[in-house]
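> When I checked TrEMBL for this same protein, it listed these features:
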type	residues	note
TRANSMEM	7-28	transmembrane segment
TRANSMEM	40-62	transmembrane segment
TRANSMEM	83-101	transmembrane segment
TRANSMEM	121-139	transmembrane segment
TRANSMEM	151-169	transmembrane segment
TRANSMEM	189-209	transmembrane segment
TRANSMEM	229-249	transmembrane segment
TRANSMEM	279-304	transmembrane segment
TRANSMEM	316-337	transmembrane segment
TRANSMEM	343-361	transmembrane segment
Amino acid sequence: MSKNANTSALIIGFAMFAVFFGAGNLVFPPLIGLMSGSYWGIAILGLAISAILFPIATIIAVDNMGGTIQSICAPVAAWFTRGYMVMWIIFILTCGVPRQAGVGIESGLLSVFSSLQGNDMLRIALLAGYFLVVLILTLRPSKIVDIVGKYLTPFLLVCLAVMIALAVLQPLGTPVAPQVDNVFSYSFLQGYQTGDVAVGIAIAGMFIASIKARGYTDPALRHKMTLKAAIVAFLGLLIVYGGLLYLGATGSGMFDAKMDQTALLNGLVHALTGTAGNMILGIGIFLACLTTTIGVGSTIANLTVDLSGGKIPFNYMMVFVCLFGMAEACIGVQGIIRYTFWIFIAIYPVSIALMILGVFCRYVPNHGAWKGAVAMATIIGLFEGLMQLNESGITDLPLILLFRHIIVFRLHPLVLHG
């Protein structure tokens, strides 16, 4: 591969890494390390499969099927493609974008300047500035991957590398016995709950379009470049997740497992590096949120353009995404999440089914197999999503009442006691 090709693979791989690595993915590996203790190596293996390999595999799956979310959904049905896209847009717009912004400002910037915390007007001004930056950096869709991969990700990696290097070179202590019975299962399930497989199905098209724009239009060359970029992203996530998990393991004899995840990460970093480390962490959280918001925000705009047949321009939709995200981040996302988080729960099994089918598409005999697998995943996802609503106290929707009368689901504890 030429020097330019290697550079392209590195830039695109960095962008993949940054978009997958949101703020939520920064705080959960230390807790897994804390719970796994001396078995931290096994924990990394479980986490690598569910939180890294599966999400990265979605990029390969989408590329195998043609390079867009429409192409990987096409074997099922046209109506399914539109429905899946609409549900993804609703959830990310109402939950993902405003939550990333809120965390980026409150746990990121304001944690660096702690004396400014509690000032509501300043918080609103910072949110406005945050979304203005997002808007400016996304108004040229063809340059988004370059901006994230070439400029923002290196700064994020520097912040993370400092913490991880110190964790390895100056460990806080010796990992103690694990606090869970099955470390592999625990870490695997924690990684599964990041939800990045659903994100990967939607954002893959952005990276593949960037690869095509670099001249890799031949399917074989495009697939080769996609694979190399995916390997870069996989290795980056493995090093960062593994380092943060190890940091938690070295503090397993010092910190309480019942601590809030963000408080645990802050405590570990402070014990390792002092106040300076917490400032670096704050900057890292801000950059992680910013890069993820840019990636998912631009994906919302692109999907809306496709759904509208080009009637809604990309730039107009990005303005709406930023204005809506800012408004919701200012007033709080919890109320809306109560009503929309079930959508994510519902589409996640479907996303995993699409990922598996896309990766192994050459072995899938026909479109009937796609329809059957996705239909079963949809039933499971819809049931779990409705039970999420039930847990939230929303119990009188017609579909929830219907599931209560279906014998197969009557044994589910949330149905019995909802």
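Cβ coordinates come from backbone N, Cα and C, glycine included.
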> Should the transmembrane segment (7-28) and the transmembrane segment (229-249) be scored as in contact, given a threshold of at least 3 Cβ pairs under 8 Å and pairs 6 or more apart?
yes
> Based on Cβ pairs under 8 Å, which of the stretches 83-101, 121-139, 151-169, 279-304, 343-361 lies most in contact with the transmembrane segment (229-249)?
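The stretch with the most close Cβ contacts to the transmembrane segment (229-249) is 151-169.
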> Flag the pair the transmembrane segment (83-101) / the transmembrane segment (279-304) as in contact if three or more Cβ pairs fall under 8 Å (sequence separation 6 or more).
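Yes, since the transmembrane segment (83-101) and the transmembrane segment (279-304) share at least 3 Cβ pairs closer than 8 Å, they count as touching.
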> Where else in the chain does the transmembrane segment (343-361) make close Cβ contacts, counting only residues six or more beyond its ends and a cut-off under 8 Å?
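Beyond its ends, the transmembrane segment (343-361) has Cβ neighbours at 54, 57-58, 60-62, 64-65, 72-73, 75, 84, 87-88, 90-91, 95, 195, 197-198, 200-201, 369-370, 373-374, 376-378, 380-382, 384-386, 388.
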> Near the transmembrane segment (121-139), which same-chain residues lie under 8 Å Cβ to Cβ, leaving out any that are not at least 6 residues past its ends?
101-102, 104-106, 109-110, 147, 290, 293-294, 297-298, 301, 315, 318-319, 322-323, 325-326, 329-330
